[in-house]
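Record features, source TrEMBL:
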- A:594-660: domain 'CBS' (DOMAIN)
- A:691-749: domain 'CBS' (DOMAIN)
- A:62-86: transmembrane segment (TRANSMEM)
- A:147-169: transmembrane segment (TRANSMEM)
- A:189-209: transmembrane segment (TRANSMEM)
- A:221-237: transmembrane segment (TRANSMEM)
- A:249-273: transmembrane segment (TRANSMEM)
- A:326-350: transmembrane segment (TRANSMEM)
- A:362-379: transmembrane segment (TRANSMEM)
- A:435-455: transmembrane segment (TRANSMEM)
- A:462-481: transmembrane segment (TRANSMEM)
- A:509-534: transmembrane segment (TRANSMEM)
């Protein structure tokens, strides 16, 4: 009979906690998989017994798809609700709608009859705070009142958010992606994906985004979607009782989260595959895709942007790009890589300071101060006052004939009449020059404030701020190149492709390339980034510029350090995350890593038939190992199996309570047959059921690169080390991570959990 | 010192063949990986020595990208050349261009000045064979001459193709995807991706596609791209000397192949990930994407379709789809699943017959007969006479105002004037009814002839024929629904969305959905299929119909048998392919699978220090195992390592030639120190260098599902079975595959190779 088969029989007995894991511990993927196969086998064999069982087996087979459907629906709905609420609350900082206070500025004016197309932003029903309270919309006092109201609302939102997080769900803070990566790699953090986290994160996300802080909703939306995934998987025993299967659902939920964040279902799936997931079988790929699509279509039917577009920033460019433009695109890539490096280093330094100094004790005050600074500096500059996604949208846009933005204030040639979507390059007007200055100031402000914002005790994503930094830099470069090409079209680099009267440079495209570069520099995403951008533009035309920038940005950033922001935060928090992307290339052997090391006391082992219950209880009390190898005898040290600490404790407790004759000096045996004992000895305790008869072993000469590979690919918790069949030691996942940290000249003590 | 380190030192000695594999053998992924890490370590440590070494290390790091660039360029160029040549040769069956015989019909008429837009298909320079030879273009004799010329050309092309394949490159036949899947999973088939195969497959692919046989160029293009990948990887020692690394390049090449086949780079990468590849690290994902993009852009700059479109079938629909249409879409999915099942079963039955009966001895005759039958039946029907990709293109198309196709022969309402791209549903004209009959006949013909065509000794893909079958069925269903909706728009199912005068049903969309369903039924692709289709239409709008059809088709087909056509061909040929998708759910243990089985003679082992050279040579001669476990002694059976047969032979041969004092009764030892020998005994032979000190072991109680998982994820060749440290037996990949076949009630002897 198989080891796992034995385990299952045992699990059928009323032992509530067997097969589960303790908080902040690592799961054993092989064991989870084997448990799932057992469950599946049982259902299959039962299904032949009766029609009812057959229907139950069908339901079980379909439950995966049902969970995906539910996740897609809920994630899409939540994303839609968040979008609508953010829209309203962001406008609330500015004014209020007289006809119905729950209308946003745009909704207010759309429902008003008096609106003409030109004045679609101005309508009598929408009143700024100064108009409502002072009855004046211009002048210094009106400006000051609006300024004050803006700051007050921002402070109120931020205070509410940080208080809610502190009181109800401390796990709701941050972007959540580092923790989700760790959880998906097989780590237990109870409550991190709980219902409270879901509720509070959704509410506070709306609050913080509305407060105007320099953060985005994309990362937190992935966390929200994973909470949905966790919630729905708890409804089906197939997923709730198996930590491995549950993680398959969570991978798909992450895809759904990105799908609704950007309206990019394929990009979402690839993001989950490339960035977040650890174990991603093909079945999950297909289901993730389904969840991502359902989520995207749910969001579209809610239609929060009012334009039936699925995507967050829909853009349409009218001109192709030219080879010579690759040079500025690559420069933007370099900028993105530098920004990624600077941001990651500064942000980690600041977060470390927060963790280690008194700063960390005043999270509410910190949020209030940062919000106040943000609001005070942001208000006077139109590019920081508006919401960051609107800013990005404006920067991405091509200047059409109807565009009223300051960025499109070009000097038109009065003699030229042309179709609206093919406007030639024109000299920049005053508005463009003003915009350049304001953008430069906004860029510096964004760079600085984002470093301090990301990591505070509120939900905060950094996709949007990163993209904003890149888009501002990109747009400025784009306008620069455009004006250069206009004024110097006889230069050799422009002569071939940019004649006078041609529309050759699209500054919006530069903004998009810059955004991709900065996002890539921070997160080190590659394929998924390009695919997300491809889904935004909907054409393969601009994939080459995007790829050039993304590749450059990744190379530049990697040259300064391999870690993206998520990996850096994982390391900062000491999570036991074994990255698939890190190559382990050192020449160490299993014998160098295993415990006990030279000079340490010998490995704590159990013998198969000579230890008493009391011996084992003492061993359990004196050590904190998660399990003990079982050997034939202390002399021969030949390994026969591995027993989990948790199951040993439960089995002994259970036996003492229920089995007669089990006393402290009962012999415990792991063999099939009880050992031969003297006549008057107490009843022995059989524990073969909890013995894992197929523990994973490697020899002491195995290169560590192979051991690391095995830990990664098979998702092991521990591995025993033998030489010529004798047990020598044990390597746990923590040992592997510590060794890797040591080899990379980092502090091995930074790895904290088991 | 590590085992692999030892191995490397040994490899530096002039032993030409060490570290390579024999033909038709399985590679050891762990070993390849460890060899690559060693190589990398060596280069890194050398790079600090001098600037030259540093530059060399940079070049080495960049060689991956260079290989990808070269593959993309060559694959794109070859695809372009193939497209152009096929275009010309297909038209050659019809007639010839007087101005230049190497012009295709379209090129001929485009260069002619006399062409007007309406008559763009007719121009005096293009002469049908009857016009050229009989000076008449109408009438019975002209028809018969053209018919004969069509058959003659087809026979000539097919004969040339099959002869070239037989004489120069027998591996050039078939689609190649089953073999590429097997190769990527870690199997050696020498010459399968060789230069001759590349050349002959490219040439014969043009010939067979032009001959009008019912086959496509998509599968073979993947093979061609993989040949390019193999060629370029042989130029860089990083890839040529490491079978594992080489397979990373081949995975990317497969993506490039699909990318040029459909003009769908993202779909290509996902195809490689989902369908073809085995070991697909994230680094490969990114590089595959690069290769796929380069290939697609190279193809676009060659512009073989003359429309600067990247995609094979560009379509643009003007109307959305409605919920009620999901029903016919799902029906098409069912049809696709049934077609997949019927095709796979019939084709496999026919191919088995070819393998086992005398039929297989006359491949040339077979091709000639099938070509003759195809040409004779195909010519009278316009839908089979035209090339299959033109047919699909026509079926996918929406009927615009300028469409002259018979399929668009609707009765127009003379009172209605409307913009050209929003034509309401109209009653079908005579042309449509004729087309329906012809399509039905063409459908039956395609279904039958494709079964016999796929698997002949010529290059043959089945993407295009499958899509054609689905597109024909889909278009017919679409026209049916359209006419139903037009004539019965008061029916309850149509009332809500299809008012008179509305454009509600797009038959072209049905054709596309049908094509996706049939392709999915045959290949069991899911995500990549939907993404390829998404790239063809360029909009998320139609993803739901496509997904509904693809999912239905997969479920229906899976209900009749889990194997897609590629897996079925892999099984037919007995390749040792361990599918990642198969779930192994049986309750067997390692002890049930390992050899020796009960009653068999004991395992052939080497002892660490007591066997003579002669003993070992006898053992090698008498057995054909690929390696031997090394134990402490026959009594203790404690395992110390594993020695490869190939390396043992080489080491003994080398020692006998070069080392003094090595004779037949020299003791061979694998320990660090030589054993204590009597004074007059001959010089012992130290073989520790070839000993793998970290062989993979599992216990006899390990469930087979875990063993299968380990074999899959770590890519093992063999695994040793122990109990309490004693060696019991060995499990090879072949044993695992045989056991899986046995469990699935198949003949275990069908697994043929090692």
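Every residue, even glycine, has its Cβ placed from backbone N, Cα and C.
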The transmembrane segment (A:326-350) vs the transmembrane segment (A:509-534): 3 or more CB pairs under 8 Å: yes
When counting Cβ pairs under 8 Å to the transmembrane segment (A:249-273), the leader among A:189-209, A:221-237, A:362-379, A:462-481: A:221-237
Candidate ranges A:189-209, A:221-237, A:362-379, A:509-534 - greatest C-beta contact count to the transmembrane segment (A:147-169) (under 8 angstroms): A:362-379
Stretch contact, the transmembrane segment (A:62-86) with the transmembrane segment (A:362-379), Cβ-Cβ under 8 Å, 3+ pairs: no
Composition by DSSP (helix, strand, coil) of residues within the domain 'CBS' (A:691-749): 24 helix, 19 strand, 16 coil
Intrachain residues whose Cβ lies under 8 Å of the transmembrane segment (A:509-534), provided they are six or more past its termini: 258, 262, 264, 266-268, 270-271, 273-275, 315, 317, 321, 328-329, 332-333, 335-341, 343-344, 392, 395-396, 398, 462-463, 466-475, 477-478, 481, 540, 542-543, 545-547, 549-554, 556-558, 564-566
Whole-number mean of pLDDT values that fall within the domain 'CBS' (A:594-660): 88
DSSP helix/strand/coil residue counts for the domain 'CBS' (A:594-660): 24 helix, 17 strand, 26 coil
